[in-house]
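Student: Sharing a structure below in C-alpha cells format, with a few things to ask.
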C-alpha cells in the first residue's frame, strides 16, 4: 500500500525526442518550525486496491481497468495481481503509477490566479532526489540498490531517454503554496533549490559520473522490469511519435501545442500532431488556456513491458504549482528593486530536474522580490515557461549549470513555505530579497479560532525579534541584539502578510509607535517600532509588497493602474449591492408571509456580508495605492461605518472596534480562511474544522457534500462509464457564472465550494490508510495535520470512536516493516510513512499502592480535556521513577475510571482526594503492547534530515491554550497543561536586546548579501525607468506633519458633529419627554451645552490657525510649519482651563449605566432609543455618543505628541509643543482626579444642594467643573455637639466657584447593632459623613488672624456670615493647613471666588462670560485675551483712573491663564503673581510682548509671525506712550536661552505684563471695530534691555 503520487503525466506530445511533462500541486499553509523534513517514501502494503486509484479531475478520465486494457493487460489479471497483500515489496510487481492528478479548469477556480496549471515532469523524472539517498540500499525495492545512476553531467546535459534509476524525490515536490504565493519550478532552479540533497551535501555529484557513459546511447532501448523511467521520454522512447492517447487525437491539446510553437520560436523545431479543426488565439488567455485531462501514467502506453516498469511506483508527492508563469516574470508587480532581462526568461530551466550540483559557499540570490519582470514582445512567453522547459529538457544538450542561478522572483520570496519543518526550501525562501528589516517587538492580538470566530489571543506577551519582510512573508529571527543576522540565519517564525492591512495604533495605552497587522487568515498582530518614521516605513513596505502580489495575480505590470481599475470596479459592485439591499428591505416591509420574509432576510444578510467584503477590499486597495504613491492612508472611520450589526456585535464581544478587528472578522468567514488551519500545528477535532473540506475519497456515502465523488464501487466495479457519470459536470455546474466573474475580478471574495473543490490543484495528495477490519481507503494529510486531527477525521467518517483507537504509521526501513506511534500533537505530514493504520486501543486495570516511604509518589500528570461536551482525563506525562511507570502507565493513556468512579463525573477536588489516597485503582485505555516481530521506531524518517522535536509544536507562537491538569505527585496541587491550541503568540526563549545597528543599516546589509552573490541574470534596463518608483518613496517628516495636522482637524470636525448630533438626537427630544427626571438628564448630559459651545469655538481656533499658511499642502520642510504649530499649540495652552469643563461630564459618566438600565423596564424609553437609532448601529447608540467626549479629551495629548515628535528638538516650536503637551496632560490628570472625588463625595454634594432652604437656592449646583481646590485641613474648633474627639478632626475642604464645602468622613467601621429593652434590635443606618457644611460665596468671608506667627503656623479663619432673614448665626471655622504653602494655595482659591463675586456684583451679571473668542496669532481673536473692546473710536479720551483700575481688574480676571497673584496676609492688596507660575504663564511671558503692538493699526492676520524685516522694523519704530514704554521695558522678555534662564522677578514681570494687557483694554475701548490687534514672536522685537528667565 503506498501513498498515491500527486504527479501524473499526459501523453500529448510525441516526437523523436519526447517531452517530460509534470504536474504541479499546491498546498495551503505557511508554517515554519524547528522540525526538519524529508520526503516520504513510497508506501507499501496491501495490493488489491493499489492499482485502482483514479483521478477525480476529469469527466473523461478512464478507470484503472480500462487503462490496463489499453496497455494490453487484463484487468486484475494474474500478472498484475499481488499474491501477498501485506508484502512489503509489492511495488516490485506494480507497473501502474496510481497517482491522482489535480485537474484544473480555469472556469472553476479563476479567482486563484486565473491561469492554467501545466503538468510538469512527474516525480519519477526528478533524478537524484533524497528518497534514493534515504532508501539507497533497498535492493528489494529498487534495482541495483547500492548504485545510483545520474543521467546528466554537471554541465547540464539532457535526460537520457533510457536509464535505470532509483525512485527519486524532486525538490519541487517539497514546495507548496497558497493561492497567491507561488513558487515556480524555475524559481527552484536556484542552486539552493535544485533538490533536497543539494543543501545537505555534494556527495551526489560522484554519481553523475556513472551516467556520462549512457549519454551516448543514440537509440532508445527498452526499460527492464526492474528499471525506472525518469521522464515521459523514458516511457515512450520505445515508440515512435504519433501515438494517440486514449486511442484518438486530442484536438484541444493539439491545437494548444501548435499555437504554443507559433508563439515560442524555440519550440518550432518540435513536430506537432495535426491541428484540430478548432483554433485557439495566438496568445491564449490564462483563463482559457486548455488543460490536459488527468489520467493514470499507463494510459497510452502500448508496451506491456513498459507497464511493468519500476518507474510507476505509487507514492505521495507534493509539488509546486506555477499558476501565473514559469518565472512569474512577465507580470512585474510594482517595479520595486529591479528585475531580470528578457533573455533571462528564455535561458532559465529548472535544474531541479536535469542537473545536480552543490551550491558554492556564500552563493545567494540576486533579484527582486517584487517579481523578475520582462517587458516587450517576449514578455508573454513566460506563461508557457514550464511547458517549454519540459519539452526542451529532452532536446537541448547545451544546458549550462549556471543557468540554475536565475533571478529570484517574488514567487519564491513570497511563496507559502512548504511545511512546518525548516527544510532547505524554507531556508532558501528566507534568503529572498529583503524589502524591509528591523528590530520589532511583537505581540499577539487576535486569532482566528474554530467556527470562524475571532478571539483575543490568550498568550499576549511582547517579544523582540529581528523581523525581515521578504516578498509577502514576515520572517522572525532570534538574534543576540548585537550582530544582526546573516544569510545563514534561520527564521524561528513566519507570518504570511499577503492581502493584509496595516494600521497605526496611536491610541495604545502603554506603548508608542505601535502598528497592527491583520492578514487574510483572520489573525492580527501588534508590532512596536523604535520611531514614527520606522512605523511609517513598515506600513509602506508591507502594503507595497501586498500591492505587488495583487498585480501578479492579475497578470498586470502597471500596479497603480490595476489598483485604480479594481477600486472603480469595487465601487460599482458596492453601488449595485447597496441598491439591491435597499430593494430587499423595501420588499421586506410589504411581505407578510413568514417563509418569504425569512428568504428575503437571508438574502439581505448575504448582501450585507458582500458589502462588508467589498468595502474591506476597497479600503485595502486604497491603502495599497496610498503606500505606492506616498500619500495619506484612507480614513478608517468610513470603513467602520459599513460594519453590519452582527459584525459590530462580534467586535463588541472582542472589545476592539477597529479596522484590524473588522478585517479579521471578515477574513474569518471568507473562503481564504480554508488555509488557516494549515498554518498552525495544533490539536483540533475534525468536527471543528469548518474550513477544511471532507478529504476522504472513494468512500460509499450518500451525503450531499460527496455526491460529486466516485464511490468505491464505481471505481472498482462499474468501470469507466460510472466514473465518468460520477464526475460529469462537477466542475461546470457547481459554480455559477456570476460567481466566476466575481472571482476573476476580486480573488479575495472567492469562497470555496466543498462540492466542487475535490482535489483541485490547491489541495494535496491522498494517502492510504487501513481500518481495523483491514478495509483500505484514502485520506488527505495536509501540512499542519497532527495525528489527532487525522485520527478524528477518519474515525468520524467511518463512525468509529476516536478515543478508542489510535493511529500507527507503517515504515519500510532496510527491507523491514517497522511501526511508529506518533504523539497526538505530532505533525505526521512530516513523516515518510508508507501507510496509516487505525488500530483499536485496549483497556486494562492498573492498581497502584504507595508504601510507607515518604518519597513514594504516583508520578504521573493528568490533563482534563473537554471534547464535544464530554470530559476526558488523559495521562499527560509519567515520571520514570514513579510508581505509575512501574505499573505500565504510559503518557497518552486515557483514564476511564478512578477507584470505580467514572472519570467524566469527577471534578478537580475529587481528583485531588483520589490522588492523595494511599492506593489508586485505574481503568485505562491504552496502546496494546507490540505484537511479536513488530518493531517500533523511535526516530522515524522525516522529509529533511535533522533533529526532530516531537513534543514541541513547530510554531510555538501559534499554539497554546491553558487547560486544567492535576499533578498526582502533589495531591493538593494543581498544575496547568496545554489542552488545545489557542492562537498566535509570538514567543521566544529569551528577550533580545536592541540591535546596535540601525534598522536601515541592517536592511541594507541584508540586501547586500544578495548583491554580493553572482547571478546569471542582469537587471532589466526597463526597470531603471520603471513608472513605479513612487513605491519606494517613504513619507517625509513634512508629509507626516501635514498628515497629523489634517488628522487633528478632521477628527475635531467629526467630534463637533457628533456632539451636535447627541444634542439634537437625544438631549433636546428627551427634555420634551417624561421618561427621565431632570436629575437623570443631568447625569446623562451634564454640561453638554457648554461643551458644545466651547468645542465649536475651539474648532474655529484650530481652523484659523491652519489658515495662517495658505499653501499648507505645498510645504516641504518642517520649519515651514512654524506658524501653524505655534498657533495649534497656543490654542491648547489658551483653552487649557476651559477643557476642565469635561471634569463634570466625566465625573457623572459613572452614573450613566444606572440611568440607561431603565430602558430595560421602561418600554417607552426603550422605544424612544430605538426610534433615534433606526438602523441599530452601535456607533449611533446613546452610550456610544456619551463616551465620545471622554475619548476625545484624552486623545489630544497623543496628537500633540505626534506633532512634537516630528519637530526639530532644537526648535522653539518643539519647546512650545512640549509645554502644550504637559498642559493637556495636567488637564487629563485633573479630570481623573475630579472623577475620583465625585465618586467619593458626589452624594454629599447632592445632599447639600437639596438641603438648602428658601425660595431661591444660593448654590444651584456643585459641579466638578467648578471645583478649584481640594485639600485636607485640621478643624481646630469643632463644636461640642458633635461629641468628644480624641484629636482634632480632619476635614476635606472643597473650594468651588460658588461655595466652600467642608466634610468630615468617619473612617471607623460600621457600628454594632443597638439593643434596647424597650425596642427590637435594629441596625443604625451608618453614615460615614458625620459632618458636612456648605458656605455659599455670598456668605463667605476670610479674616486675618491677629497672631503674628499665624502664617508660619498655617492657620486661617473662614467665616460663614450670619443671615437675619434666614435666622442663621455667624459661624467661624479655624482651620489649620498641612503647611504654609498649602495655606497659601487655599487662601488663594478662596480669594479668587470672592473676587469673582465682587465682579458679578459690579457688572450686575449672574455668571462669567463664557465665550472667549480667541485664537493665538489671530488678530481680532486676541481681543478676548486682552479684555473687552467695545466698538468705539480711539479718538475718545482715555477713561478715568478709577475706571481704568476697574477695567484692569476685569481684564486681568478674563485672562484665562491663571493670573491671580494673592497676598495671603492681606486680601485687600493688589494680587501678586507667585514665583511658581505655571507653564502657561511662562510661555506667554517668554514668547510674546503684548504692549509693543497696542497702538499698531491696519495689521492683517497674514502678517503674524511674518519674516518680513520691514514689517518688523515698522513695528519696532512705532510710537508708544512713555508710561507704556516703561511698562514695556519692564515686561519685555528676551529670547529664550536654553539653560541660562532664571526665575528672578518672574512675578513682578508677569504682573506688569497683565497690567499692560489691562491698559490695552482701556485704550482699546475707543478703537474702531475694524482694527486688529496682532501678536508676534518676541524674538523679532528684542528690546535693548533683555531679561533672561528659565522655565
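Cβ atoms are placed via backbone N, Cα and C, with glycine included.
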Student: Of 358, 1013, 1466, which does Swiss-Prot mark as phosphoserine?
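Tutor: Checking Swiss-Prot against 358, 1013, 1466, the phosphoserine entry points to 358.
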Student: Out of 695, 1392, 1560, which residue gets the phosphoserine annotation in Swiss-Prot?
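Tutor: The residue tagged phosphoserine by Swiss-Prot is 695.
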Student: Which is it, of 1456-1481, 1482-1507, 1508-1533, 1534-1559, that Swiss-Prot names as region 'Disordered'?
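Tutor: Spelled out, Swiss-Prot records region 'Disordered' over residues 1456-1481, not the other listed ranges.
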Student: Select, from 132, 356, 687, the one residue given the annotation phosphoserine by Swiss-Prot.
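Tutor: When Swiss-Prot is consulted, phosphoserine appears for 356.
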Student: Of 231, 748, 1437, which one does Swiss-Prot label phosphoserine?
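Tutor: Swiss-Prot annotates phosphoserine at 231; the rest carry no such entry.
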Student: Swiss-Prot lists region 'Disordered' for one of the ranges 393-422, 423-452, 453-482; which is that range?
Tutor: 393-422
Student: Per DSSP, what is the helix/strand/coil residue tally across the domain 'PH 1' (434-549)?
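Tutor: Taking the domain 'PH 1' (434-549) as a whole: 21 helix, 49 strand, 46 coil.
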Student: Including all protein chains shown, what's the count of other C-beta atoms within 10 A of the C-beta of residue 829 (phosphotyrosine)?
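Tutor: That number is 30.
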